[in-house]
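Peer 1: I am attaching a structure below and will ask some questions about it afterwards.
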Amino acid sequence: MAHFLIVEARFYSHLNDMLIEGAKGALEAAGHSAELITVPGALEVPGAIAMAAESGRYDGFVAIGVVIRGETYHFEIVAGESARAIMALTMDGIAIGNGILTTENEEQAIVRADPAQKNKGGEAAMAAVRLLELRDQFD
Ligand SMILES: Nc1c(NC[C@H](O)[C@H](O)[C@H](O)CO)[nH]c(=O)[nH]c1=O
Ligand SMILES: CC(=O)[C@@H](O)COP(=O)(O)O
């Protein structure tokens with residue numbers, strides 16, 4: 001059994017609740033345990049993962065959040081920079097599944113957050129599980 005940390009950017013609570021349900025359900029079904037921490041937004045997720053990885057207490061991580069386009073360029077920054085920083089951590093060998101949705105509107109986010117629909121939270125959790133399996137295989 002592996003132990004995962006779910007790091008949620010709690011910007012849209014009702015959407016996060018669905019993503020977290022999917023992630024927890026996937027990890028539990030795969031026989032793993034999970035903790036949850038909350039940060040304000042997607043830009044804080046990579047830093048929180050980096051800090052938690054330093055502790056050595058977690059085998060893998062699932063990033064959860066929702067970034068919905070507004071009126072300004074900020075969407076590109078939040079969506080792009082959180083994804084880029086998470087990818088950089090993954091390239092350092094940290095098993096992370098990225099379940100941060102980046103959508104044009106709430107309707108798109110609901111479909112992707114809902115475990116009964118596209119279940120992107122569960123998908124991100126299983127991606128982290130797979131990366132951990134590969135790291136163990138290559139060690
Ligand atoms: N607009 C969204 C944000 N913005 C907040 C940033 O992520 C960050 O917390 C702030 O800039 C302070 O550093 N975050 C989301 O997760 N989703 C959004 O739609
Ligand atoms: C993704 C965002 O930062 C967005 O929610 C902020 O909206 P706006 O660009 O209208 O300030």
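One-based numbering along the chain as shown.
Every residue, even glycine, has its Cβ placed from backbone N, Cα and C.
Annotations in TrEMBL come from automatic prediction, not curation.
Okay, so TrEMBL annotates it like this:
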- His74: active site, proton donor (ACT_SITE)
- Phe11, Ala42, Leu43, Glu44, Val66, Val67, Ile68, Asn98: 5-amino-6-(D-ribitylamino)uracil binding site (BINDING)
- Glu71, Thr72, Arg112: (2S)-2-hydroxy-3-oxobutyl phosphate binding site (BINDING)
Peer 1: By CA-CA distance, flag whichever of Glu71, Thr72, His74, Arg112 among the recorded positions is nearest to Asn98 (5-amino-6-(D-ribitylamino)uracil binding site).
Peer 2: Arg112
Peer 1: Any idea which of the binding-site residues Thr72, Asn98 has the thinnest Cβ neighbourhood at 10 Å?
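Peer 2: Sparsest of the binding-site residues Thr72, Asn98 by Cβ contacts within 10 Å: Thr72.
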Peer 1: Can you check which residue among the recorded positions His74, Arg112 has the largest number of Cβ atoms within 10 Å of its own?
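Peer 2: Selected residue: Arg112.
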Peer 1: Rank the binding-site residues Glu44, Glu71 by the number of other Cβ atoms within 10 Å of each Cβ and report the first-ranked residue.
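Peer 2: When each Cβ's neighbours within 10 Å are tallied, Glu44 tops the list.
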Peer 1: List, in residue order, those recorded positions out of Val66, Val67, Glu71, Thr72, His74, Arg112 with a Cβ under 6 Å from any atom belonging to ligand 2.
Peer 2: Val67, Glu71, Thr72, His74
Peer 1: Cβ under 6 Å from an atom of ligand 1: which of these binding-site residues qualify? The list is Phe11, Ala42, Leu43, Val67, Ile68, Thr72.
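Peer 2: Listed by sequence, the hits are Phe11, Ala42, Leu43, Val67, Ile68.
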Peer 1: Among Glu71, Thr72, Arg112, listed as contacts of (2S)-2-hydroxy-3-oxobutyl phosphate, what is the widest Cα spread in Å, to the nearest whole number?
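Peer 2: So the maximum pairwise Cα distance among the (2S)-2-hydroxy-3-oxobutyl phosphate binders is 23 Å.
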Peer 1: Compared by Cα position, which of the recorded positions Glu71, Thr72, His74, Arg112 is the closest one to Glu44 (5-amino-6-(D-ribitylamino)uracil binding site)?
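Peer 2: Out of the listed candidates, the nearest Cα belongs to His74.
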Peer 1: Is Val67 (5-amino-6-(D-ribitylamino)uracil binding site) helix, strand or coil when read with DSSP?
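Peer 2: Assignment for Val67 (5-amino-6-(D-ribitylamino)uracil binding site) reads strand.
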